[in-house]
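Record features, source TrEMBL:
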type    : residues                   : note
BINDING : B:38, B:52, B:83           : Mg(2+) 4 binding site
BINDING : B:38, B:83, B:217          : Mg(2+) 3 binding site
BINDING : B:53, B:54, B:131          : Mg(2+) 1 binding site
BINDING : B:54, B:83                 : Mg(2+) 2 binding site
BINDING : B:61, B:270, B:316         : substrate binding site
BINDING : B:130, B:131, B:155, B:219 : ATP binding site
BINDING : B:220                      : Mg(2+) 5 binding site
DOMAIN  : B:36-147                   : domain 'PurM-like N-terminal'
DOMAIN  : B:159-262                  : domain 'PurM-like C-terminal'
């Protein structure tokens, strides 16, 4: 269906738009029944399914003046696919709920959906269903389903003596967000990292096969997410400042904003790097050791940086 | 965790509230990993999974002054569980995304979650994950997973010669909504039907086993949803006025509002009754025949009432 270039969701109507959107979503061979019925039906091989859900709210998780519709689509898919990655799984299927103002341009919705579909295609996952309704504020609700070929890696398995390792770029998206928040558009490479993260989709399953004892994707911030593992595993963790090479663009932003660039790395989320613990000697290729696991402190699990509490910004509060 | 009686989500904080909410959700034996990790992991017996997602937006799909938090929870669960019912399946697991204003009372969120959990318990389904974030407007995003023990019943299988049948109360919720919309609170039985629908959760699987050729849950309105089956099956349908006994409370509302009470039955959604087509002679017990399937008209599939176009309100437009 073709829409006039300035058409809004109200002009297009629910069913016309749903039809145009679902045309963008290729269905994999595991999809027995795709979008358009009361529910989708998926073939499941492994006897279990991994499922996660995430919300993105305009003005809070994204801004239409800071990122294109396609970027928002990529990011909405990426942050959900990353949750399956963090279990050591592979994503197969997603649903999208879109609550949108009636004056949202149809073109925005279609570009969003195309970006979402393109990100899903990176891992071979299909968009199998969704819902579309009117709201005052744009809210994107995504649920992702996946499979693991081995035992899923939870947050609670870290053991004293394990090493802490990371896979993927970390702090770049936070640097980009800091830049955008001050009205700048450069360094461009950081802004792009914020607009369109590149989660290491293969690293999760590899880590699981290598015997990772705990794993999480970094979305609240490195230290905050390390804290989730520490808390759930009943251990403490120490992170080494010296493990991080601060990339040149992050150094530039630190200088420009008068901030320690390490705060983007230790406090930032949004890159969807993976953080995991491994028995010493089991760290697979591509993973970078940044710390170690110890017995919980007398007053409970804690995460330290070079043996001391970190006093910089450490993550994201949702309320 | 106990909260002061007037605590808001902003007071409680994300993690405190998530912990209190997940305490309300009992986990069934099929849940290998429940809420609290990057993703939940579910055991799947039948080799496939049925999945559907729905959004509810405050002011559009519910009003806090028209229904209690518990009612909204029941309804949010019911409309999703009903989608699995309409495939002939049984729901096993759900996720909830809650985007909520910071001043939402914690008590509201907890009562909502309890109502949601209670509705899920009716079918033995577990709430296995979710997301909680701040927004200006209250938006509830639910995804439901389920299983079928036989081939799922889609919308596209109706054949000329089939009969059209319904299972469950129909029009009561629409009557209740009309009453509330005019500032009244009675007939109470209709208002309650709107606030807390009672979908016939066992009827879908029974219909599938009996050989239903197409099925849908009535959420857009009886004629609108009949239209979805007609369109997807490439058939026409005729609905018989004489098939409906207009219940006394609906007659009362019709008289009070000067409306034909049949419009609530033919146009109303929200009761989540099931509509299905069966080969003549295969209609299982409890299903009520209300029409018949014919070849599509020359100009395409259509739904008529006593052989003619229906000119009353016929359903719900989302944009």
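Cβ atoms here come from the backbone N, Cα and C positions, even for glycine.
From a predicted model like this one, the values you see are computed outputs, not experimental measurements.
Contact annotation for chain A: of the listed binding-site residues (B:54, B:217, B:220), B:54, B:217 place their CB atoms under 8 A from a CB atom of that chain. Cβ neighbour count for residue B:61 (substrate binding site): 22 (other Cβ atoms within 10 Å of its Cβ, all protein chains included).
Considering only the binding-site residues B:83, B:217, B:219, the residues lying within 10 A of residue B:53 (Mg(2+) 1 binding site) on a C-alpha to C-alpha basis are B:83. On a Cα basis, residue B:38 (Mg(2+) 4 binding site) lies 11 Å away from residue B:131 (Mg(2+) 1 binding site).
Comparing the binding-site residues B:52, B:53, B:219 by how many other C-beta atoms lie within 10 angstroms of each C-beta, the top residue is B:52. A strand conformation is recorded for residue B:52 (Mg(2+) 4 binding site) in the three-state DSSP classification.
A straight line from the CA of residue B:217 (Mg(2+) 3 binding site) to the CA of residue B:38 (Mg(2+) 4 binding site) spans 32 Å. When each of the binding-site residues B:38, B:83, B:220 is scored by how many other Cβ atoms sit within 10 Å of its Cβ, B:220 comes out lowest. According to DSSP, the secondary structure content of the domain 'PurM-like C-terminal' (B:159-262) in residues is 52 helix, 14 strand, 38 coil.
Comparing C-alpha positions, residue B:83 (Mg(2+) 4 binding site) sits nearest to B:54 among the binding-site residues B:54, B:61, B:130, B:155, B:270. There are 22 other Cβ atoms within 10 Å of the Cβ belonging to residue B:131 (Mg(2+) 1 binding site).
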